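Residues or ranges marked as substrate binding site by TrEMBL: R81, H82, G83, Q84, S85, T86, W87, N88, R132, K167. Look at TrEMBL and you will find H82 tagged as active site, tele-phosphohistidine intermediate. TrEMBL lists E156 with the feature active site, proton donor/acceptor.
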Amino acid sequence: MFSLNLTPAAHHSYFPLPQKRFGCFPARFPIGSFTVRSSSSLQEVEKFTESSAEGKDLNSELYASVPLPPIKTSKRVVLVRHGQSTWNAEGRIQGSSNFSVLTKKGDAQAETSRQMLFDDAFDVCFSSPLVRSKRTAEIIWGDREEAILTDSELREIDLYSFQGLLKHEGKERFGAAYRQWQVDAANFNIDGHYPVRELWARARNCWDRILAHESRSILVVAHNAVNQALVATALGLGAEYFRVLLQSNCGVSVLDFTPQVEGGSPIICLNRLNQTPNSPVASGSSGGRKAAKRIVLVCHGVSETNEASSSFLDDKPMNMLGTIQSQKVAELLLDLKVSAIISSPKKACVETAATISSVQEAADCLGADCVPRYVEMKQTNKLDVDNILDHFKQDVGNMTVFEPGWLNKLDDVMITEVWNQSGEAWKSLLNEMADEKEPEKVIVVVGHPAILLGLVGRCLNLTKDWIGSFHLDAGSISVIDFPDGSNSRGVVRCINYTAHLGRWSIPITRPTVDDEEF
């Protein structure tokens, strides 16, 4: 489907530019002494060379370049991080230690996740053996008859001498090493180990066992760092993506695996990232740091059609369901003081933007603020695809933009144009964020789903070949934080968050009865 002639992304210097192999994984060749090799079903981590032992920097790129095993049927894997633990609450470094347990808040978070997943049909549950994770799994799994399968490689990252220390103690005792753990985790070295790199190799091993299970709907309950590594290695992203794909307590992430007719590594889509029991826009840290600047990507509600979907070319006002979805988004964003809303000129986008603006400006009446809020409204064609479609003959009129994998149906030339336009939109948004007159700024972006997916890829400094690796539903939000300012890398707080839609939200699991086998 996609050409291997990759179009370079407009990117910052803090991310190496990934390259993607057809089907799933990027063609990565680890540089330096640290490599991951395939040995039967396991990977081996080579010992570090003499130069690395002397303290020289290693290249930070560790990639799970070994393809995932082929599968015969589609699978959905739902990842859940454990609820708040006692050491979470204390600010103590846990790593793979097994001394902390769930707090009362952690129990409540797990129970909320259980209710959120109550109607979802899972065939099997894998869990880390650590108490805080296993207890979360037990609460979510409830009275299902099937036993929970524990896997030691799902344990949290091994942090060696850091484990058990309060964060300020780690800083005081280890100085430069602790600083490297904060700012360059992929190269972080302690006690002769590179914990993040080891974790990436371990997460890749886990996928062999998870995907080999005969089940089609799989629940995995584990930890913050290991869930990040599972998401990243599934997509073929390296250890430099640590702390970029956020995993909050009891946050839910969903990965879809689709077999290829010709066999080989499955096609992978991150259906959603970090759907939390609590609001994703409420105050909190991103990667351990408070974010003063934020971009919220909003998918408009569904348009006037006979189905709960919208075609690629739709320019119709929203139907009743779409209106409800936009109102739910506006209510969720009331927790934020929005600086500006930038939208596509399409009717559904303009209506969604207007609803958000109206609720923001009524914040004082609604008790969310003590004074009215002023929201700047802008429109730009960079957030739409009409000018792209005018130049191409591919028939996309009946293509629905909320159908999983729909972007993979576009031809390569059109994908390239969508990707290039998302690059222009991303540059414009970063310029908006860079205004030093507003140290705290929240921009809401309402655009065509294809452009929004491109913006996610741009944030992650990917190439056009990843644009079909993500999914958005009608009325969803995706949040990108900039804890170190708009000139630094973004942290993805969530993708395709829909819990705010209540009874109109999209189920986590999906029916698999009619899936075709390969």
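Placed from the backbone N, Cα and C atoms, the Cβ positions cover glycine too.
What TrEMBL says about a protein is an automatic prediction, not a curated fact.
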Practice problem: Among all chains shown, work out which of the recorded positions R81, H82, R132 has the most CB atoms within 10 A of its CB. | Solution: H82
Quiz prompt | Same chain, 6+ residues apart, C-beta under 8 Å of the C-beta of S85 (substrate binding site), given in sequence order | solution = Q94, S100, V101, L102, T103, G106, R132
Self-check item: For E156 (active site, proton donor/acceptor), the number of other Cβ atoms found within 10 Å of its own Cβ
Solution: 24
Quiz prompt | Among G83, W87, the one of these binding-site residues whose Cβ has the fewest neighbouring Cβ atoms within 10 Å | solution = W87
Quiz prompt | Using Cα positions only, nearest of the recorded positions to E156 (active site, proton donor/acceptor) (H82, G83, W87) | solution = H82
Practice problem: Please state how far apart, in Å and to a whole number, the two most distant Cα atoms are among R81, H82, G83, Q84, S85, T86, W87, N88, R132, K167, the recorded substrate-binding residues. | Solution: 21
